[in-house]
Amino acid sequence: MGCCGCGSEEGSVRQWKPLEQRSCTDVLWLLIFVLFCIGMAIICGFAIASGAAQRLVFGYDSYGNICGHKNTEIKDVTMSGLDHTDKKYVFFFEPCNWDMVHLKILSVALCVTKCPDMDLKTLEDVRNFAKYNGSRLCLYNLDPTQYTSKNSKSCPILPVKSSKPIPFFHRCVPMDSGCKINFKALTTFVSYNSVLQRVITGVMTSKEIIVGLCLMSLVLSILLMVIIRYISKVLVWILAILTIIGSIGGTAVLWWLYADHKKTLKLDPSQGDVAADNVTALLVCAIIATVITVILLLLMLIMRKRVALTIALFHVAGKVFIHIPFLIFQSLWTFLALAFFWIYWIAVLLLLATAGYPQKKDQGYVEFKVSGPLQYTWIYHLVGLIWISEFILACQQMTIAGAVVTYYFTRDKHNLPATPILASMCRLIKYHLGTVAKGSFIITLIKIPQMILVYIHSQLKGKENACAKCMLKACMCCLWCLEKCLLYLNRNAYIATSINGTSFCTSAKDAIVILVENAMRVAAINTVGDFVLFLGKLLIVLVTGFVGIILLNYQRDYTVWVLPLIIICLFAFFVSHCFLSIYEMVVDVLFLCFAVDCKHNDGSPGREYYMDKSLMEFMDESRKAMRSVTGSGAEMKSMASGSDNA
C-alpha cells in the first residue's frame, strides 16, 4: 500500500530508469486543482457581475451612481439613478480623511465633469469654477447660485486643493504632497509612534534609490549566475575573499557612519528626531553586521579545506548549464508568471472590496456590501494566492528536474533534445500537472496555519502572558521547520517523478529511501554547495547594501535609514535566492540521478554508468571528505544496497 492513501503502482521492485512511455499521474488532484481554479474564476466573475469592475475603474458617488455612466435608481435612495455620462471623475469633499482600517475615504463623493485644477479658497471660487468650467463641486440638488455660507455643509471643505485625476481610475487626487502623505487616519494610526511616521516618509523620499538598487541586485544576480558556470579554484577564493572584505568593510563603514552621525548630532542637537533615528538605526545595523561578520569568518575557517570539493561540484553543475543554457532564465519566466498571477490576484481583491449590493446608510448615502456566505470569498481567494503561487514554483522545479534528468540519462550529449527545457515543460503539462498540484497543496496546508498563527500573534501582541507567548512561538517554529522539510521532500519527489513517471506519494517514498541510504553524502554535498551559494547571495546583499548606505548618507537631513536599507537588502537577497536556487535544484537532481545510477549499474558491460568521469570523481571526493569528518572508523554506506560499486 502506498502513502497518502495511494496504492502501490507496481508489485515488483522499483525499476529506476527514465521512462519514455509515461502515463498521467495524480489525475484526481489535477481535477481538484482545475475545479479550484474555476472557483477562483467564479469569484472574479461575481465581482465583475455585481458591478465591482465598473465601480473600481470609473468610481462611484455617495449615492451609488457610477461616474461616466447612465445609472438605474436605487430604491429609497435620493439622488440615485442619475445620468452621469458627462461626469467622469470622482471628487471627494475631504480627500485626506482616510480610514486605513477599512481602506476607504470617509468623505462625501460626487461625480464631476472636471477636477479642480486650482486652489479654491472661498465658496465664491467654487461658484465661479462651476460657472466657467461646468463642474459642480457641491451636492447635486444645489444650483451654483446657492453656493453660499448657508449651504456650506453641502459643499466641500475649504480650501479645496487643486487636484488631477488618476490615470485609468478617474479619481481626483489633491496635488498637495502633504495631503498625499499625511492622511488623517494614517496620522492617527502612527500617532503613538512618531518614529514610524518618519520612517514612512523616509521610504517615500527614497523610492528612486530603492528601485534603482533593486534593479542593480537583479543585474548582479544574473552576472553571478554566469560566473559560477566557469568557476575555478581562483574564482572560489576570490568569491570568499570578496565576501569577507565586503563584510568587514561594510561593518567598518557602518561603525564609522554611526560615529560620524552621533558626533554631528552632538554638535548640532537642533537637527531633530530624524538625525536621532538615523543614529539609532546605524547602531543597530552596525551591531548586526558585526555579528554576521564574526559568524562568516568562523564558517570560512571551518569550510576552507573543502574548496576543492566545491570546485568539483560546480564544475559538474556547470556542464549542465553549458548543455542547457536556458536554465539560467528559468527563474525569469517563473517570476513573470508569478507577477502576472499576483497582479490578477490583487485586481480581483480590489474588485471584491467594491463588490456587493447597495445598502442605505443612516446619512442617506449608499454603501456596497456582500452578505451571507459571499462575504467570506476573500478566504477562498487567499488560499488561492498560496496554492497557485506554490503551484507555479513547483512547476519550475519539475521543469528543471525533467531537463536535468534528460541530460543525465542521455549517454551521448549530442543527442539531447534541441530544447530540453521546452521538452520537459511539455512533459510536465502532458503527464504530471496533478503531481505538482498535490505537492503544492501539501505546502499550502502548512502555510495556512502559519498565517493564522502570525495573525493571532499580531492581534495578541502586548496582551498575552509569557507562557502563551512561548507556546505560540514554539508552534510557529515547528511549522517553519516542517515546511522546510516538506519543501525538500517535495523537490526530491518531483525529481523522482521526472525519472520514473510515478505519482507524488510513490515518488516521495522512493526518494526518501534513496536519501536515507546516502544520508552522509547528502550532508556533504548540501553543506558544500549551499555554503558557496550562500556566499554568493551574501556578496550581492553586501554590495547592494553598501551602495545603499553611501547613497542614503547624502539624504541624512530627511531620510530615516532603517526601513529603506532593509527593503533594499531583503529584495537583493530575494532576487539572488531566486536565481541561485536553480543551482541548488540542479545539484539535487544530479545527486538523486547519481544515486539511482549507482544502485542499478556497476560499470560492467550492459550495465554501464550514465555518469561522466568528473561526477564520479566528485562523489569519491565527497565520500572522503565526510569520512575525514566522521572519523576513520565511520565507513560510509555503499551507494548500491548490498554492493560496493559506488
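Every residue, even glycine, has its Cβ placed from backbone N, Cα and C.
Membrane sidedness, as given by the topological domains in Swiss-Prot, differs between SER50 and GLY606.
The range from 309-329, 582-602 that Swiss-Prot describes as transmembrane segment is residues 309-329.
Here the candidates are ASN278, ASN500, and Swiss-Prot annotates ASN278 as N-linked glycosylation site. Per Swiss-Prot, the listed range annotated as transmembrane segment is 531-551 (candidates: 90-110, 531-551). Within the listed segments 436-456, 478-498, Swiss-Prot records transmembrane segment for the stretch 436-456. A 10 Å cutoff on Cβ-Cβ distances gives ASN133 (N-linked glycosylation site) a total of 16 other Cβ atoms nearby, all chains included. Here the transmembrane segment (332-352) sits against the transmembrane segment (28-48); at least 3 CB pairs are under 8 Å, leaving out pairs fewer than 6 apart in sequence.
Counted as Cβ pairs under 8 Å, contacts with the transmembrane segment (234-254) are highest for 531-551 among 374-394, 531-551, 560-580. Highest Cβ contact count with the transmembrane segment (282-302) among the listed stretches 28-48, 374-394, 560-580 falls to 560-580 (criterion: pairs under 8 Å). Sequence-distant neighbours of the transmembrane segment (208-228) (same chain, 6+ residues past either end, Cβ-Cβ under 8 Å): 235, 314, 318, 328, 536, 539-541, 543-544, 547-548, 551-552, 555, 564, 567-568, 571-572, 575-576, 578-580, 582-583.
Tertiary neighbourhood of the transmembrane segment (28-48): same-chain residues 348, 351-352, 354-355, 374, 377, 380-381, 384, 387-388, 391, 433-435, 437-438, 441, 504, selected by CB-CB distance under 8 Å and a gap of 6+ residues from either end.
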